[in-house]
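The annotation active site, proton donor/acceptor is assigned in TrEMBL to 204. Taken from TrEMBL, the feature divalent metal cation binding site applies to 18, 154, 204. Positions annotated as substrate binding site by TrEMBL: 101, 103, 121. According to TrEMBL, the domain 'SMP-30/Gluconolactonase/LRE-like region' annotation covers 16-264.
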């Protein structure tokens, strides 16, 4: 694939860039900086990113059917009004745990917001194990907990027929699949569909394309990989000029551009001097596939 082109579009480096989501109405890319505590919106027209500061680590952002956004903030689901820079808590999870926070989250095809937690990190990817859980915020604002004993709750998406839920618990080095019931939001029958190889390092954020193949960002692996969930085979590797690639989504007018977030936390001066674009947002064109528009939260 010699036509693949990679460009760093937002250079003001995030500490931990995450959760890229294309906002079609605004024609812009949403993403968060978890430890930088801000929700960002980058416009391909102005080529500038605006940011709304928040009061806790913010780990994911999603569109909302009624307008504006929903976010995962600390251990809270919250609503974000962009223009007013106003954050309103919806509900809190993990009340019995002092040291957890939300990590990645995404809205399912029925408008439910799935998001998981993890222990606060001592250093990047170093943390107390098995402290996290996976939750769903329903449109009526009730919350269901699916399971616990999670290390780092991460990438998630749904198959094109909405019958399979894909999920990453990073320190298992595995991409997993569950049977998924669109009517109820219930998941079950967990199985591994891909185990990462050593040089791929840690699976992080994930998205699906219109051919039903998964794209997984590899933290410390400096790449996104394309997987076939049916065969468990890796189909393609796209290497990036930074090691700490964190997540990916499709966007642009026809969802043919891929956006990849990255992190700079945990890198020393020498490492950063070798990778000055660490924490930047990258646009990949020429992949020859398109993505699926994000679902908005229905509540």
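Glycine is no exception: its Cβ is also placed from the backbone N, Cα and C atoms.
Automated prediction, rather than curation, is the source of TrEMBL annotations.
Note that the structure is predicted; figures quoted are calculated from it, not measured.
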Within the same chain, the residues at least 6 apart in sequence whose Cβ is under 8 angstroms from that of residue 101 (substrate binding site) are 56, 57, 59, 74, 75, 117, 118, 120
Cβ proximity for residue 154 (divalent metal cation binding site), under 8 A, sequence spacing 6+, ordered by residue number, returns 103, 104, 116, 167, 168, 169, 170, 203, 204, 205, 206
Tell me which of the recorded positions 18, 121, 204 sits in the most Cβ-dense spot, judged by other Cβ atoms within 10 Å. 204
Given residue 121 (substrate binding site) and residue 18 (divalent metal cation binding site), what distance in Å do their CA atoms have, once rounded to a whole number? 16
What is the number of other Cβ atoms found within 10 Å of the Cβ of residue 103 (substrate binding site)? 26
What mean pLDDT score does the domain 'SMP-30/Gluconolactonase/LRE-like region' (16-264) have in the model? 97
Apart from the site residues 18, 154, 204, the 8 Å Cβ neighbourhood of the divalent metal cation centroid comprises 19, 103, 104, 152, 155, 168, 170, 205, 217, 219, 246, 247
